[in-house]
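Asker: First the structure, which I've put down as structure tokens, then a few questions once you've had a look.
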Amino acid sequence: VATVDCSGYPKPACTMEYMPLCGSDNKTYGNKCNFCNAVVDSNGTLTLSHFGKC
């Protein structure tokens, strides 16, 4: 199972770095920062489906 360590999030701003991750909501996130901010916003209901685009 793929996991991402989101400790230290949310961050106020994310870089534009493109390293896509696919969330359990079937949405592609541009990078870990964007994904982790969304995880925090979801109160932990969002998880990583896999690395790369959905």
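Glycine residues also receive a Cβ, built from the backbone N, Cα and C atoms like all the rest.
Per Swiss-Prot, disulfide bond is recorded for CYS6-CYS36, CYS14-CYS33, CYS22-CYS54. As annotated by Swiss-Prot, domain 'Kazal-like' applies to 4-54. According to Swiss-Prot, the feature N-linked glycosylation site maps to ASN43.
Have a look at these and tell me how they're positioned relative to everything else.
Answerer: In the shown protein chains, 18 other C-beta atoms lie within 10 A of the C-beta of CYS6 (disulfide bond).
When other Cβ atoms within 10 Å of the Cβ of CYS33 (disulfide bond) are tallied across all protein chains shown, the result is 19.
In the three-state DSSP scheme, CYS22 (disulfide bond) is classed as strand.
DSSP gives ASN43 (N-linked glycosylation site) a coil state; it is part of no helix or strand. In sequence order, no residues are near ASN43 (N-linked glycosylation site), counting only same-chain partners six or more apart with C-beta under 8 A.
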Asker: Count, for each of the disulfide-bonded residues CYS22, CYS54, the other C-beta atoms lying within 10 angstroms of its own C-beta, and report the residue with the smallest count.
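Answerer: Minimum Cβ neighbour count within 10 Å, taken over the disulfide-bonded residues CYS22, CYS54, occurs at CYS54.
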Asker: Need the DSSP three-state call for CYS33 (disulfide bond) to compare against my parser.
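Answerer: Note: CYS33 (disulfide bond) is helical by DSSP.
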